[in-house]
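As annotated by Swiss-Prot, 4-CDP-2-C-methyl-D-erythritol 2-phosphate binding site applies to 9-11, 35-36, 57-59, 62-66, 101-107, 133-136, 140, 143. The divalent metal cation binding site annotation in Swiss-Prot covers 9, 11, 43. According to Swiss-Prot, the feature site 'Transition state stabilizer' maps to 35, 134.
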């Protein structure tokens, strides 16, 4: 059996925070605002995985009203989500990830993001695609107010 999940997340830029996207620290003058480390890409991956197994969203599992998740490492949150996926008996077929940001340029960091996501999802790098696009200076991402990410995952019931 196959299951598809789709995830989407948005965070706004603020001064004084590190910029972490896809588990990679990116040198930039601003970071993303959030209760956790605000890793917009890993949040979208987590939501896609949760959606594929019908388990709600990251807000339900890691509420921003819970102090345990203040400044949480999103890689740890995704690792927990992946353990739920594995408990349901699924493995990753593939993940297709899109980062939407005017700045900074993501190209230098894409391969490392793929490596991080593949490791967290117990997959090969070839099963994870990460790409970035701009909105041609339109909307909040175009005005450099924040970053968005969308992710689609395909899971398959494990034979093991």
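Quick reminder: no glycine exception, Cβ is built from N, Cα and C everywhere.
On a predicted model such as this, the values are computed, not experimentally measured, just so you know.
Structural mapping of features recorded in Swiss-Prot.
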residue : record                                                 : Cβ neighbours (10 Å)
9       : 4-CDP-2-C-methyl-D-erythritol 2-phosphate binding site : 25
11      : divalent metal cation binding site                     : 22
35      : site 'Transition state stabilizer'                     : 16
36      : 4-CDP-2-C-methyl-D-erythritol 2-phosphate binding site : 21
43      : divalent metal cation binding site                     : 29
62      : 4-CDP-2-C-methyl-D-erythritol 2-phosphate binding site : 20
104     : 4-CDP-2-C-methyl-D-erythritol 2-phosphate binding site : 18
133     : 4-CDP-2-C-methyl-D-erythritol 2-phosphate binding site : 13
134     : site 'Transition state stabilizer'                     : 16
140     : 4-CDP-2-C-methyl-D-erythritol 2-phosphate binding site : 16
Count of other CB atoms lying within 10 Å of the CB belonging to residue 66 (4-CDP-2-C-methyl-D-erythritol 2-phosphate binding site): 11
Length of the line joining the Cα atoms of residue 36 (4-CDP-2-C-methyl-D-erythritol 2-phosphate binding site) and residue 43 (divalent metal cation binding site), in Å: 10
Cα proximity to residue 66 (4-CDP-2-C-methyl-D-erythritol 2-phosphate binding site), best match among recorded positions 11, 35, 43: 35
Cα-to-Cα gap, residue 35 (site 'Transition state stabilizer') vs residue 62 (4-CDP-2-C-methyl-D-erythritol 2-phosphate binding site), nearest whole Å: 10
For residue 43 (divalent metal cation binding site), the three-state class that DSSP assigns: helix
Of 9, 104, 133, 134, 140, i.e. the recorded positions, those within 10 Å of residue 43 (divalent metal cation binding site) when Cα atoms are compared: 9
Any further residue of that chain within 8 Å (Cβ to the Cβ centroid of 9, 11, 43) of the recorded divalent metal cation site: 10, 32, 34, 38, 39, 40, 41, 42, 44, 147, 148, 149
Integer Cα-Cα distance in angstrom, residue 134 (site 'Transition state stabilizer') to residue 104 (4-CDP-2-C-methyl-D-erythritol 2-phosphate binding site): 10
Separation of alpha carbons, residue 11 (divalent metal cation binding site) and residue 62 (4-CDP-2-C-methyl-D-erythritol 2-phosphate binding site) (Å): 16
Pairwise CA distance, residue 11 (divalent metal cation binding site) versus residue 104 (4-CDP-2-C-methyl-D-erythritol 2-phosphate binding site), rounded so that it is a whole Å: 14
Residue 140 (4-CDP-2-C-methyl-D-erythritol 2-phosphate binding site) - helix vs strand vs coil (DSSP): helix
